[in-house]
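Enquirer: According to TrEMBL, the transmembrane segment annotation covers 9-30, 50-68, 75-97, 103-126, 138-160, 166-189, 230-248, 260-279, 291-311, 317-339, 351-373, 385-405. Annotated domain 'Major facilitator superfamily (MFS) profile' per TrEMBL: 12-410, in sequence order.
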Amino acid sequence: MNKQGSNKWYWIIAASLFLVMMFNCGLGFYSLSLFVTPITRSFGISSGDFAMLYVFYGVGSAAAAAFFHSLLKRFALKSLIVSGGLISAAGYFVFAGSDRLEAMFLGGVLIGASTVFSGTAAVQMAIARWFSERRSQITGLVASASGVGTAVGSPIVGWMIHALGWRAACVAIGALVAVFVCVQIALLFREEPGCVGLAPYGESQGAVKGEMVVTPGGGCPLREGIKRPAFWLFAGGMSVVAVVYQMISLYQSTILIERGVPEAVAAACLSVFAVVDMCSKASAGIIADRFGFRIVTLYCAGATALAFLLIRVVDGTVGAVLFSALLGFWPTMCVLYGVTASISLFGKRYLSEYIGFSQTLMCCCSLVGMPLIRTLYNAVGSFDTVMNIAVGLLAAFAVMMTRMLREANFFREKTGGRARPGVDEHEDFL
């Protein structure tokens, strides 16, 4: 008979995952747009050509996501997260030592792979194992760590780039990721609540069997899910989430600089973006549980489309701050959409399959989308056309979410002669 573990483990795990998102995604990935201008100057390429580096980031992410489900069957999740941190640190060190653009591409592949193993996919799986109730809220709170990392880190990274050079900034980021992802996960993280004598948060202790957690609830495997019409709306929505997110993460600062905003102000605007990002993610889970996830998708899409429209008519620092603040809502979709929509539509038993699929699709979109953005930018010489396309995609996304996230589409598990949603009690209307 297992001795019941301390409830403090739930919050230790949440804090550990918070640090992963803060340093690998917030400090690292979200600061990538600050490197566009110095790297393009160093290698003598255009901002459009820099998009090719993002393609290789997509290659790394796609490869990691494609094997994520299979690797989870062979290796512990803890090992994957630590490996992702090591890969990320190596990628930034490769950046720092690169004297050719081709070497930068290798670093992009490594950093891209790390965003799956030490990013959203792994964090979502860990939260699904440790939390049964309030999963959306915990996911949002942990995901807000990327905003904290950007808010705190982007001014420091911007200062390091200006004072020490972009190469030194890459070394510093790599070292911080190695410590606050790899070392702390090795010390604090536990694979599943059963390892410390606990059940997932919100479930009875009887859910623990031996040293492993018996995951309740049914689900629809991916091979069956693709036969449902809602699946293709889900996939279409994921594609829009990916393309718009990539535009924002890579070119937010560049768009502002192109419109005459000083580089220092553009870097400071990343902190504005990060604060809104943090607040949006932290509140989205609460709003979804109370009003449904559909309302979250609609206001995030509306705010992002408004950002791309207002930047044309509001100039100066006010326009830059407003632009960055409104863009801060969209990363909420990148974090919550895949796991929340897939659980609502297909149950949680096969969650790793859907996370792997959504991450792979997201990465493949970058392989196609970034070269197209590069071609468009080089052809017209500005981001106006690109932003127009983004507004159109966001409008289509809103229509798809209105149709997809209806209760009639939600997964139902047959139990005791009656159907019940294959999601948590508090998430029936996500």
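Cβ atoms are placed via backbone N, Cα and C, with glycine included.
Automatic prediction, not curation, is the source of TrEMBL annotations.
Context for these features, please: burial, neighbours, distances.
Expert: Outside the transmembrane segment (9-30), and at least 6 residues removed from its termini, the chain residues within Cβ reach (under 8 Å) are 81, 84-85, 88, 92, 111, 114-115, 118-120, 122-123, 126-127, 130-131, 138, 141-143, 145-154, 157, 173, 176-177, 180-181, 184-185, 188-190, 193, 196, 198, 201, 249, 270, 274.
Residues 13, 17, 20-21, 24-25, 28-29, 39, 43, 52-65, 68, 72, 77, 80-81, 83-85, 87-88, 90-95, 97, 139, 142-143, 177, 181, 189, 334-335, 338-339, 351-352, 355-356, 359, 363 of the same chain sit 6 or more residues outside the transmembrane segment (103-126) yet have a Cβ under 8 Å from a Cβ within it.
Packing against the transmembrane segment (230-248) from elsewhere in the chain are residues 54, 297, 304, 327, 330-331, 333-334, 337-338, 341-342, 345-346, 358, 361-363, 365-366, 369-370, 373, 386, 390, 393-394, 396-397, 400-401, 403-404, 409: each is 6 or more residues past its ends and has a CB under 8 Å from a CB in it.
When Cβ-Cβ distances below 8 Å are used as the criterion, the transmembrane segment (317-339) is approached by residues 120, 124, 128, 136, 139-140, 143, 146-147, 237-238, 241-242, 244-245, 248, 252, 255-256, 259, 261, 265-266, 269-270, 272-277, 279-281, 284-285, 288, 293, 296-297, 299-301, 303-304, 306-307, 310-311, 351, 354-355, 358-359, 362 of the same chain, each at least six residues removed from its ends.
Long-range neighbours of the transmembrane segment (351-373) within the same chain, counting only residues 6 or more positions beyond its ends whose Cβ lies under 8 Å from a Cβ of the stretch, are 48, 51-52, 54-55, 57-62, 64-69, 72, 112, 116, 120-121, 124-125, 128, 219, 221-222, 225, 235, 238-239, 241-243, 245-247, 250-251, 334, 337-339, 342-343, 386.
Listed by sequence, the residues of this chain that lie at least six past the ends of the transmembrane segment (385-405) yet keep a Cβ under 8 A from its Cβ atoms are 230, 233-234, 236-237, 240-241, 243-244, 247, 251, 255, 292-294, 297-298, 301-302, 304-305, 308-309, 311-312, 341, 344-345, 373, 376-377, 430.
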Enquirer: Which stretch from 75-97, 138-160, 166-189 shares the most C-beta pairs under 8 Å with the transmembrane segment (260-279)?
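Expert: Most contacts with the transmembrane segment (260-279): 138-160.
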Enquirer: So, taking each listed stretch (50-68, 75-97, 138-160) in turn and counting its Cβ pairs to the transmembrane segment (166-189) that are under 8 angstroms, which one gives the highest count?
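Expert: The stretch with the most contacts is 75-97.
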Enquirer: Are there residues at least 6 beyond the ends of the transmembrane segment (50-68) whose Cβ is under 8 Å from a Cβ of it, and what are they?
Expert: 36, 39-40, 80, 84, 101, 104-106, 108-117, 121, 246, 250, 352, 355-356, 359-360, 362-367, 370-371, 373-374, 377
